[in-house]
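Peer 1: Below: one structure in structure tokens.
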Amino acid sequence: MAVNDCFSLTYPHNPHPGDLIEVFRPCYQHWALYLGDGYVINIAPVDGIPSSFSSAKSVFSTKALVKMQLLKDVVGNDTYRINNKYDTTYPPLPVEEVIQRSEFAIGQEVTYDLLVNNCEHFVTLLRYGEGVSEQANRAIGTIGLVAAGIDIFTFLGLFPKRQGAKS
């Protein structure tokens with residue numbers, strides 16, 4: 001599904017246990033894994049702020065709590081879609097194993113890092129046995145481009161020299 005195919009809770013498609021749920025927040029996506037009966041597993045900051053706001057704070061946290069929550073509470077007023085986008089690259093684990101792994105993780109405190117251990121890494125690890133995040137890879141690429149640009153400007157002498165420096 002393309003981003004234009006996002007749907008809201010008013011007209012939801014029916015996710016199946018083990019499906020990855022992509023929630024569209026302003027400026028980024030939050031990820032959860034559907035468990036069934038309206039529940040998802042996801043990671044949220046350790047403090048108890050509301051689910052629909054917790055993902056923004058988690059970007060700046062180093063600790064997160066694995067939670068089982070209602071999909072509607074995690075989504076809030078945002079939109080979401082089912083997005084099992086890595087199925088062609090990584091074969092999904094059997095649903096029973098995904099659910100078992102998920103249930104074991106509920107309530108655990110985990111390390112959170114936007115670039116190497118974020119909510120997308122968490123749910124893809126449950127579904128595929130591999131923690132993958134396209135969103136983190138894009139962020140790493142952007143950081144690399146900015147750093148390279150600064151190096152080029154510095155090398156070419158385009159940044160002004162410090163005042164009072166001897167030539």
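Each residue, glycine too, has its Cβ placed from N, Cα and C.
Take a look at what Swiss-Prot says about it:
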- 1-138: topological domain 'Cytoplasmic' (TOPO_DOM)
- 20-135: domain 'LRAT' (DOMAIN)
- HIS30: active site (ACT_SITE)
- CYS119: active site, acyl-thioester intermediate (ACT_SITE)
- 139-159: transmembrane segment (TRANSMEM)
- 160-167: topological domain 'Lumenal' (TOPO_DOM)
Peer 1: Out of HIS30, CYS119, which of these active-site residues shows the lowest number of other CB atoms within 10 Å of its CB?
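Peer 2: Lowest Cβ count within 10 Å among the active-site residues (HIS30, CYS119) is CYS119.
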Peer 1: If you run through the domain 'LRAT' (20-135) with DSSP, how many residues end up as helix, strand and coil?
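Peer 2: Counting residues by DSSP class gives 36 helix, 39 strand, 41 coil.
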Peer 1: From the Cα of CYS119 (active site, acyl-thioester intermediate) across to the Cα of HIS30 (active site), what is the distance in angstrom?
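Peer 2: Cα of HIS30 (active site) to Cα of CYS119 (active site, acyl-thioester intermediate) measures 7 Å after rounding.
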